[in-house]
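Reading through the structure tokens given below for one structure.
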Amino acid sequence: MQFDYSAKWLWESNMMLMLVGLVLIYLTFTVMEYSKKRRLMKQKISFKLDQVKKNLAKLEEELDNNENSVVAKRKQIVRFPIEELLKKLQAGELNCIEVLKAYQAKALDVTKELNCVTEFITEAEEWAKELDANSAATGKRKPLHGLPFSVKDNVSIVGYDCTAGISKFINQSAIEDAALVSAIRSLGAIPFCRTNVPQTLLSFGCSNPIWGSTKNPWCKDRTPGGSSGGEATLVAAGGSLLGIGSDIGGSIRIPAAFCGVFSIKPTSFRLSYKGFRKSAVGCIGIPSVPGILARDSKTVILLCKLLLDDGYIQRYFDPDLLPIPWNEQMFSVSSKLRIGYYEECDYFPCTPGVRRAIRMAKEKLEALGHELIPFLPPRVDYVISSVISMFYADQGRYVLEALSVDDIDPLLALQIKIALKLPHPVKQMIRPLLSLIAPRLEPCFMAAAGHQYRHSYQLWQGVLKQSEYKANFLSDWRNLNLDVCIGPCFACPAPLAKDTGRLSPAFAYACLYNFLDLPAGIVPVTKETEQDQTMLLNGGYDFRDLVCKLVKKTTKGAIGLPIPVQVIGLPYQEEVVLRAMNILESAVQN
């Protein structure tokens with residue numbers, strides 16, 4: 001029988017055309033679906049911003065008062081330290097509504113210049129009036145009666161979105177307040193505004209495609225830090241006395257460092273994280289914790305005392321917290337401290353100004369009779385690699401899905417578009433080049449690329465090694481009988497905003513204490529000087545590594561920027577950390 005080859009060819013050709021057609025239909029459908037999602041995303045953002053602008057215009061109209069006496073009184077109110085402000089509120093010399101309006105007006109002025117506030121909480125005025133009415137009727141006032149406070153964008157307030165700078169989370173309003181917010185409100189304080197964050201919260205910059213970029217109050221070209229950058233900016237610029245943020249890799253301490261304010265990151269489960277949107281949902285090994293930012297250590301101490309009192313007010317709202325009340329004896333003891341110190345670690349060098357800040361703190365503390373002992377954290381390169389690997393142990397799937405239709409913020413381009421999206425073989429090809437030209441960046445890049453934990457067994461082994469590292473670290477600490485330790489928080493003062501996305505090795509100093517889950521606070525001690533700059537540019541910071549070269553370049557011109565010291569303590573000994581912070585603050589001021 002003779003086979004009809006022309007018929008076979010025709011059949012195969014038709015099948016090929018059908019397959020090509022199906023592929024084209026699929027691609028067309030996919031592109032159309034993606035375009036639709038992008039269009040809806042932009043509409044969501046536009047609608048959200050229009051809504052916020054209307055609320056802002058309404059608030060401005062309500063606050064509009066050009067009477068000299070009102071303006072002068074508002075300026076006076078926002079200058080009061082917390083003790084004086086609370087004293088006047090308790091005595092009835094000031095009422096809650098006028099204090100609230102003073103801080104609303106100040107925050108409005110600040111955000112117009114620095115873009116740090118995302119939304120003002122419209123119910124705040126109603127809450128202030130209720131407090132005034134109750135105090136007038138009963139004569140009773142709670143400890144924080146009428147004190148306005150601000151919260152980071154990822155902290156739940158009923159009726160408001162926790163966007164994390166991602167469009168997906170617009171129109172997903174919280175149905176209850178975060179437990180920490182409820183606890184602070186139960187003390188009489190009033191949440192009055194929400195502040196900006198970087199997209200995904202996994203950055204020490206502070207910009208996103210929804211709310212835009214927040215500027216550093218000391219220099220507008222520089223980053224205020226992240227992810228609690230809006231909070232630190234508002235507090236530093238005088239728009240808030242007290243701010244609530246969160247910390248998974250330095251997210252409270254780095255902004256505090258860059259903006260020159262005080263902060264505390266507690267041990268996990270000492271303050272409640274219930275009701276905070278997480279940056280790395282389900283992340284194992286690196287706990288997300290809340291934290292406090294303020295203009296001075298006294299404010300941080302006051303709030304910690306009230307939240308951790310014997311009644312333990314937080315546990316009413318979050319029973320999962322550890323029942324460890326405030327230890328006044330640990331805080332008030334007058335004995336001298338044994339303090340470990342280090343100017344830099346063996347992984348990433350600090351600029352001359354940062355090293356000088358540590359020496360300055362050491363000398364001030366020694367002059368008060370405290371004993372300072374050298375203490376160098378080991379293997380920090382291992383720590384930063386492990387931290388980033390744990391963030392992205394899901395190969396970045398959570399982040400990539402959340403950002404599937406969003407514009408990627410430029411500060412995240414290296415992290416998202418290259419480290420997460422490139423095929424694994426391509427990343428392996430890049431690795432030798434990075435090892436040659438930027439050896440300190442290479443472990444960060446490969447960790448973000450999902451190189452370390454590709455299977456659950458590897459992750460479990462990583463957590464086991466983490467436990468061993470922590471045990472050895474604490475053993476070294478106890479062998480020296482240290483009370484606290486001081487060191488840098490970041491390798492340089494606030495970098496230029498455009499450079500932030502390429503400086504990931506420099507945050508090793510902060511993420512170390514997330515990895516160890518130790519309490520850590522920030523105390524501003526000095527500012528970058530001309531002498532620091534001279535040393536930086538004339539041999540005091542010469543390294544071949546590309547990231548170090550960028551640190552040198554971005555620190556050029558940083559005269560006047562704040563430089564802090566990080567104070568670290570043992571697990572669940574926040575009282576000792578706060579005591580040391582208070583001592584150091586007084587020593588620097590004197």
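Numbers here mean position along the shown chain, with the first residue as 1.
Glycine too: its Cβ is placed from the backbone N, Cα and C atoms.
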Next item on the list: Determine which of LEU187, LEU201, LEU293 appears in TrEMBL for the same substrate site as SER227, ILE248, GLY249, GLY250, SER251.
Entry: LEU201
Notebook entry, point to check: At the Cα level, what's the spacing in Å between SER251 (active site, acyl-ester intermediate) and SER227 (active site, charge relay system), rounded?
Noted result: 5
Check: Based on Cα coordinates, which of the following recorded positions are within 10 Å of LYS152 (active site, charge relay system): SER227, ILE248, GLY249, GLY250?
Finding: SER227
Margin query: Rounded to a whole angstrom, what is the C-alpha distance between SER227 (active site, charge relay system) and ILE248 (substrate binding site)?
Written below: 9
Next item on the list: For the substrate site as recorded (LEU201, SER227, ILE248, GLY249, GLY250, SER251), determine the largest distance between any two Cα atoms, in Å, rounded to the nearest integer.
Entry: 11
Notebook entry, point to check: Beyond LEU201, SER227, ILE248, GLY249, GLY250, SER251, what residues of that chain have CB atoms within 8 A of the centre of the substrate site's CB atoms?
Noted result: LEU202, SER203, PHE204, GLY226, SER228, SER246, ASP247, ILE252, ILE254, SER279
Note to self: Restricting to the coiled coil (42-76), what is the model's mean pLDDT?
What the structure shows: 95
